[in-house]
Amino acid sequence: MEENKRPLYIPYAGPILLETSLLNKGSAFSEEERTAFNLDGLLPHAIETIEEQAERAYKQFSHFSSDMDKHVYLRNIQDTNETLFYRLVNDHITEMMPIIYTPTVGQACEQFSDIYRRARGLMLSYPDRHRIDDILNNSTRHNVHIIVITDGERILGLGDQGIGGMGIPIGKLSLYTSCGGISPAYTLPIVLDVGTDNPLRLNDPMYMGWRNKRISGEEYDQFVDEVISAIQRRWPNVLLQFEDFAQKNAMPLLERYKDKLCCFNDDIQGTAAVTVGSLLAACQSAGTELKQQTIAFLGAGSAGCGIAEAIIAQMVSEGLSDEEARDRVYMVDRWGLLQQGMQNLLPFQQKLVQNQQKTQSWAGEDGGVSLLEVINNAKPSVLIGVSGAPGLFTEEVIRSMHQHCEKPIVFPLSNPTSRVEARPEDILRWTDGQALVATGSPFDPVEIDDVSYPIAQCNNSYIFPGIGLGVLACQAERITDNMLMASSRALAQCSPLAETGEGALLPPLEEIQEVSKKIAFAVARAAMSDGVAKMVKNVDLKQTIDAHFWHPEYRNYKRTSF
Ligand SMILES: NC(=O)c1ccc[n+]([C@@H]2O[C@H](COP(=O)([O-])OP(=O)(O)OC[C@H]3O[C@@H](n4cnc5c(N)ncnc54)[C@H](O)[C@@H]3O)[C@@H](O)[C@H]2O)c1
Ligand SMILES: O=C(O)C[C@H](O)C(=O)O
Ligand SMILES: [Mg+2]
């Protein structure tokens with residue numbers, strides 16, 4: 001906090017200062033600042049506090065009836081006065097997170113070109129591939145510590161949105177700041193504009209991206225390589241988060257870069273960490289261990305296989321052999337259960353096939369093993385949906401699961417809300433209130449017979465802000481599996497249900513900043529013990545994390561020249 005009291009020396013003045021979102025204070029500029037920075041007459045007479053500004057902004061926000069209008073309104077505040085934006089979001093996190101993030105951000109990506117107002121972040125288009133270094137120098141942020149990058153091809157469960165995918169890095173980075181205390185000055189959203197195969201975007205006269213089919217293969221790989229090399233030259237210590245890449249690219253990109261720079265794939269690893277954390281909390285509250293569960297997945301893609309591998313690693317840490325752990329995990333995709341000998345599986349899916357000898361008698365008429373057949377034969381206690389396809393946890397599937405398992409754990413994690421595998425109220429009705437439900441998108445508590453069931457939001461948003469804070473605090477140079485596992489365990493320790501035997505599976509969003517600090521602490525400790533942190537061992541880690549935590553408060557400005 002002492003840090004924050006030091007004045008900032010600012011070379012901008014007049015309208016340019018008011019147009020600089022990181023520095024603008026609007027009506028909160030003091031009398032002295034108004035004189036020193038040539039602002040007299042550019043602002044209303046009254047000098048306001050940030051609380052007064054936030055009160056007015058909240059009133060205006062509340063007048064909008066649609067979530068998209070609210071989203072556009074908040075994004076506009078973000079683009080004009082970031083401090084006020086974060087003050088507002090922090091004060092109303094439960095109400096505003098679904099507006100700046102999932103699910104509304106999905107619609108904002110689909111309508112990106114329609115609602116476009118101001119420049120934010122970097123848009124790197126394939127036709128500009130020969131001047132990426134120059135373009136990075138145009139960035140409005142110079143001291144970048146965290147980048148979220150997408151190519152817009154798998155936006156939530158909404159498919160290819162081309163340049164509209166930019167909504168996702170913007171939304172994720174907003175959470176890095178509001179939930180993880182990363183100064184907005186340190187963040188940079190990037191979209192790789194490599195075309196789009198979505199006819200709705202290509203045929204839309206308003207579409208603002210490169211109007212071309214997606215590039216692929218060698219051209220695509222080379223372009224990504226050029227961008228990442230340029231990022232490393234410009235910001236060698238940056239944490240790079242890959243987000244919402246299509247299945248064919250997500251894992252190969254992670255494999256290609258994970259040992260070369262400080263990076264992770266949020267859909268594979270962040271999702272795995274939050275899901276394992278949630279499952280650990282669920283097991284703890286039931287007095288069991290993860291190794292005792294049998295787990296079925298619908299969707300064996302980036303998220304599904306990422307979660308499965310993290311579950312297996314946790315089961316092994318609880319004493320199972322790798323083979324025993326894999327035996328307990330059933331992956332169902334479009335063509336049924338992943339089994340040995342199946343054609344066209346990607347390398348990361350091949351590691352998760354079931355032994356055909358065990359499952360051959362389960363097959364239906366078409367020779368494949370459906371989700372229902374897995375439920376009836378394997379009798380899972382945990383069911384996870386990451387298919388992006390809505391409604392597939394049918395009444396029959398859930399009731400069959402409940403027949404074999406008194407208190408099933410059911411996580412329909414697909415986003416946004418329109419893609420959920422089953423709605424929580426249905427799952428609870430079909431299981432007489434016995435299921436433990438968590439979803440990827442936010443849902444209100446379910447009321448049945450005067451009992452209220454809270455629905456946890458099992459979304460990687462519980463994890464990545466804490467990872468970012470931990471990485472910055474200890475100056476980590478890589479993201480290791482131990483760091484991710486540490487984040488899961490730290491999250492599980494924050495679970496009200498695990499702690500007290502009742503209440504929600506995951507902590508309320510009002511506590512997210514404290515949760516992020518705990519995750520950051522665990523992540524940084526794991527980074528130090530893995531030898532990937534530059535921070536010296538005897539520094540007080542907790543104090544360093546607190547010192548890194550940015551708060552949306554105005555600082556005093558003093559004038560300086562360029
Ligand atoms: N809650 C979270 O934090 C979180 C995190 C990551 C992803 N997700 C969600 O999970 C979904 C999948 O993401 P992903 O990155 O794994 O995508 P992906 O494309 O890599 O994987 C989706 C998989 O589901 C399969 N699938 C599609 N329709 C199916 C059907 N009818 N039956 C069986 N399988 C089917 C696909 O073949 C594919 O293998 C998305 O909706 C995404 O929003 C949620
Ligand atoms: O963006 C989210 O809400 C979570 C996740 O990264 C997803 O792709 O669905
Ligand atoms: Mg994602």
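Numbering starts at 1 and runs along the chain as it is shown here.
Here the Cβ of each residue, glycine as well, is placed from N, Cα and C on the backbone.
Automatic, uncurated: that is what TrEMBL annotation is.
As recorded in TrEMBL, the features of this protein are as follows:
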- K172: active site, proton acceptor (ACT_SITE)
- R154, N415, N459: (S)-malate binding site (BINDING)
- 78-258: domain 'Malic enzyme N-terminal' (DOMAIN)
- 268-528: domain 'Malic enzyme NAD-binding' (DOMAIN)
- D267: site 'Important for activity' (SITE)
D267 (site 'Important for activity') - helix vs strand vs coil (DSSP): helix
Other C-beta atoms that fall within 10 angstroms of the C-beta of N459 ((S)-malate binding site): 25
Rounded mean pLDDT for the residues that make up the domain 'Malic enzyme N-terminal' (78-258): 98
Filtered recorded positions, from R154, K172, D267, N459, whose Cβ is under 6 Å from an atom of ligand 3: D267
Around the Cβ of R154 ((S)-malate binding site), the count of other Cβ atoms that are within 10 Å: 26
Separation of alpha carbons, D267 (site 'Important for activity') and R154 ((S)-malate binding site) (Å): 10
Neighbouring C-beta atoms (10 Å sphere around the C-beta of the residue listed as 'active site, proton acceptor'): 27
Cα separation, D267 (site 'Important for activity') to N459 ((S)-malate binding site) (Å, whole number): 10
Cβ neighbour count within 10 Å of N415 ((S)-malate binding site): 25
